[in-house]
Amino acid sequence: MTPELYSSLSLALPELIIAGGALVLLMIGVYSGERANSTVTGLAVAILIGAGAWMLLFGGTGKAFGNVFVSDPFAVFMKVLMLIGSAVTLVMSVGFAKAEKFDKFEYPVLILLSTVGMMLMISANDMITLYLGLELQSLALYVVAAINRDSVRSTEAGLKYFVLGALSSGMLLYGISLVYGYTGHTGFDAIAATLSGADRQLGLVFGLVFVLAGVAFKISAVPFHMWTPDVYEGAPTPVTAFFASAPKMAAMALMVRITMTAFEPIAADWQQIVVFISIASMVLGSFAAIGQKNIKRLMAYSSIGHVGFALVGLAANTETGVRGVAIYMLIYLVMTLGTFAFILAMRRKDGNVEQISDLAGLSTTNPMMATILTILMFSLAGIPPLAGFWAKWYVFLAAINANLYALAIIGVLASVVGAYYYLRIIKIMWFDEPVGGFLPMAGELRLVLGASGAFVLFYVFFGGPVGRVAEAAAKTFF
Amino acid sequence: MLNGLEAAFFYLFAFIAVASAFMVISARNPVHSVLYLILTFFNAAGLFLLTGAEFLAMILLVVYVGAVAVLFLFVVMMLDVDFAELKSGALQYAPIGALVGLILAAELIVVTGGYAFAPQLATAVAKPTPDIATRTNTAALGDILYTDYIFYFQVAGLILLVAMIGAIVLTLRHKEGVKRQSISAQVARTPETGMEIKKVETGKGI
């Protein structure tokens, strides 16, 4: 083995562990049949944790495979978030799988393969790596959205996601081909070098727009958000929890990397685009969520809004801005996982319920669940001193430092509007007539919900160290 | 320029390719259309061979003739679509089709006529390395596919694996009451387990 290949492989070892692990688990699942579901899920979580631990303890930084794969502090930070999202959603799926006949061993295998794709997206330093990672991730997601194949809504979600996802892949490829045509390179570093040396041409801006449109689809930013509510509502709840957490981390990391490295010399061009999709996402996320009755749909609009807030930090194009995005994604991840642990626990004797009205009077029937969800909802709304407030604080701070006053003001107004529907849930839980409690929560859901609530409540005490880690990650680009 | 035997084969392949492509859209029977499509693919592969791209030629045969065209054939035979009715109005659109074709041809001529190669293009474009005379296409592709591009190659493999798992997860159903092969059980059968010998008394059934 040549020394370069050896160093490349050691940089990409976490990806190799997960890909190899997925193949082994596939064999275990195929040969032991239905019995192995819980074993496969457990091993999948162990593999994710192992890969993450290896990356944190021994993972180096550098570029691999001829400059197409990069491992740097930003990539490690986002990969850790993404791995936490994947592992926690897998753990949360166990109880649901038993209760709702959702026990297919392929589910954890597909989640692992999708995780490999997301890690490649985060580490992409070349358009081809970007595309391959994105397709690996998306293809697995299309399948898991439709994995409950006997349910019409699940298959509809999968098909809708597939058709729209294929369209967005097409736009992304078209953009990549234009960028390649106008710069002559596919590597991010080489594209940046070409762009900084010459005047930018109009055709290149078209390429930039198409590339950003393709990535914006994956983070479900307005105007590429149409699929989100239907897919979130139709997919089985553990799959929705996964959709709302890990892929958002990967796609946002990709958005940051592609703008901060490849298109860094034409920042003025992409900043306009990011400002527009940020404002549109914040406003639509706030207003469209008001009328929702299904809590999964509500979380879909909530995630659209939160992506808009995170993009405020990116629009600033500064180190504090990228730090803000990193912190925002971390806090969003924790809040989302906690909320979905709660949604998965909304079980009555006759199955899971998803309507917001089912929460009525939860404070009398299950005060502990109601209290933690109240904390999470306050945090999602951005009420100080909870974590959600600090997330918004950092991105708005960056926007104001970069003189984007209009963006910051619209953002604050949108978050005021958005607070309404979070507070409405709290009102329903505490002041409406009880409609009957839920079954006791499973242990793993209780753990996730409790940890998420504690993180959000006490973030103010350890926000400093978290901020420093995020700052080190953001320094990668400056 | 082409000359001699090479020219003869070029015109042969090109003529049959164009003629069979025309037959694909004009044949009445859809099965014949697919068969003409296969003939077109074969002639296109012949054209690739003439230019020295034997790898592309073989891939064209394996992928398009071996997989895609056979799939078409299955679809045409299994779906009961009345192609004759679909095609009945086709001729009345021929003038519009011809017009679109003419416009496209005119645009192509304008574009290629006004196209000038950049002076540095000759040096910028990578020459085919190694020389075709010393190393075949297939070997040269293999040389870089499994070394420089091993990363992309493996990721593409993972994507195909996901596609396969996805197709199985979403469509495979284990039906009850279907007799399946169990090789070990079938091989382990002996006359004692497989047969039951009864004495039948005269004039009575079992």
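Cβ atoms here come from the backbone N, Cα and C positions, even for glycine.
Feature list (source: TrEMBL):
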- A:43-62: transmembrane segment (TRANSMEM)
- A:74-93: transmembrane segment (TRANSMEM)
- A:105-122: transmembrane segment (TRANSMEM)
- A:124-417: domain 'NADH:quinone oxidoreductase/Mrp antiporter transmembrane' (DOMAIN)
- A:159-182: transmembrane segment (TRANSMEM)
- A:202-227: transmembrane segment (TRANSMEM)
- A:239-258: transmembrane segment (TRANSMEM)
- A:270-291: transmembrane segment (TRANSMEM)
- A:298-316: transmembrane segment (TRANSMEM)
- A:322-346: transmembrane segment (TRANSMEM)
- A:367-387: transmembrane segment (TRANSMEM)
- A:393-423: transmembrane segment (TRANSMEM)
- A:444-462: transmembrane segment (TRANSMEM)
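Taking Cβ pairs closer than 8 Å, the transmembrane segment (A:367-387) reaches residues 302, 306, 331, 334-335, 338-339, 342, 345, 415, 418-419, 422-423, 425-426, 429-430, 438, 441, 449-450, 452-453, 455-457, 459-460, 463 in its own chain, all 6 or more past its ends.
Contact count against the transmembrane segment (A:239-258) (Cβ pairs under 8 Å) is highest for A:74-93, out of A:74-93, A:298-316, A:393-423, A:444-462.
Note: the stretches the transmembrane segment (A:393-423) and the transmembrane segment (A:322-346) are in contact (3+ CB pairs below 8 A, sequence gap of 6 or more). Sequence-distant neighbours of the transmembrane segment (A:298-316) (same chain, 6+ residues past either end, Cβ-Cβ under 8 Å): 219-222, 225, 228-229, 231-233, 240, 244, 248, 252, 255-256, 259, 271, 274-275, 277-286, 288-289, 292, 322-325, 328-329, 332, 336, 339-340, 343, 356, 380, 391-392, 394-396, 398-399, 401-402, 404, 407-408, 411, 414-415, 418, 421-422, 425.
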